[in-house]
Amino acid sequence: MAAPRAPRALTAAAPGSGKAKLTHPGKAILAGGLAGGIEICITFPTEYVKTQLQLDERANPPRYRGIGDCVRQTVRSHGVLGLYRGLSSLLYGSIPKAAVRFGMFEFLSNHMRDAQGRLDSRRGLLCGLGAGVAEAVVVVCPMETVKVKFIHDQTSSNPKYRGFFHGVREIVREQGLKGTYQGLTATVLKQGSNQAIRFFVMTSLRNWYQGDNPNKPMNPLITGVFGAVAGAASVFGNTPLDVIKTRMQGLEAHKYRNTLDCGVQILKNEGPKAFYKGTVPRLGRVCLDVAIVFVIYDEVVKLLNKVWKTD
């Protein structure tokens, strides 16, 4: 009869045991929230440009000729701070989003690791999928809906939202809570696939780098490079879902019956290239985003391990 499987503790194994250190979900929530807040302050301008290009539909005709033109027009009309319009709505969402993502990932992965505390790539993908779905439902969908509506409103000739909280009140007053959950299906698909790809790549690269020693220290530079690779993979893997999600959450979402109809209309009216509109600015943002988040997350966890002992 096989011996019972050794229990998995949430503390570091004794030196020389070869068992991987596990991260307490509470630490993951704190570290993830901090990493998410810092990252969004650095990368928001590229997110703003990406959203503008995706909302700049061909049928209008287009307002911008490209990334550079979008930046020039924004700075000319609103100054450099114009590239940060809508930051508050994304910042309020980014902190809890990263907290939920990493907290859920560590919670799931701590129950899916082998007796040595290692997480293989396949299980890393599943844990990433679970983390992505959790952040989509709890945080991303309502916050992204408000963000897209706010940015879209500010570019109209008669903006009606005076700020983030005023925008939220108006959206809820006019459309109810349902108004903050537009594009939920697309968001769940997008975030789920996003984090599944990122954590799959990150887990694979970590396992390759650490080899037979799961506790081999990760240099922040190496973590950043791995994070950038994971981010790039997620961009090429799910940009079409990101485009559909943005359309479903914009002020003209009423044009589409559902997520599938949105995709069909984009393909029919604008062609397949429309699904990759905004890819270049998104690629730059996401690679930097994921690299920053993983580096800060890992470093904060290391610090927390010194001051917060978990059993």
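One-based numbering along the chain as shown.
The backbone N, Cα and C atoms fix where each Cβ goes, glycine too.
As written in Swiss-Prot, here are the features:
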- SER156: phosphoserine (MOD_RES)
- 23-111: repeat 'Solcar 1' (REPEAT)
- 122-208: repeat 'Solcar 2' (REPEAT)
- 218-303: repeat 'Solcar 3' (REPEAT)
Surrounding CB atoms that lie within 10 Å of the CB of SER156 (phosphoserine), all protein chains
10
Across the repeat 'Solcar 1' (23-111) the predicted model averages a pLDDT of 87
Please spell out the DSSP helix, strand and coil residue counts for the repeat 'Solcar 2' (122-208).
74 helix, 0 strand, 13 coil
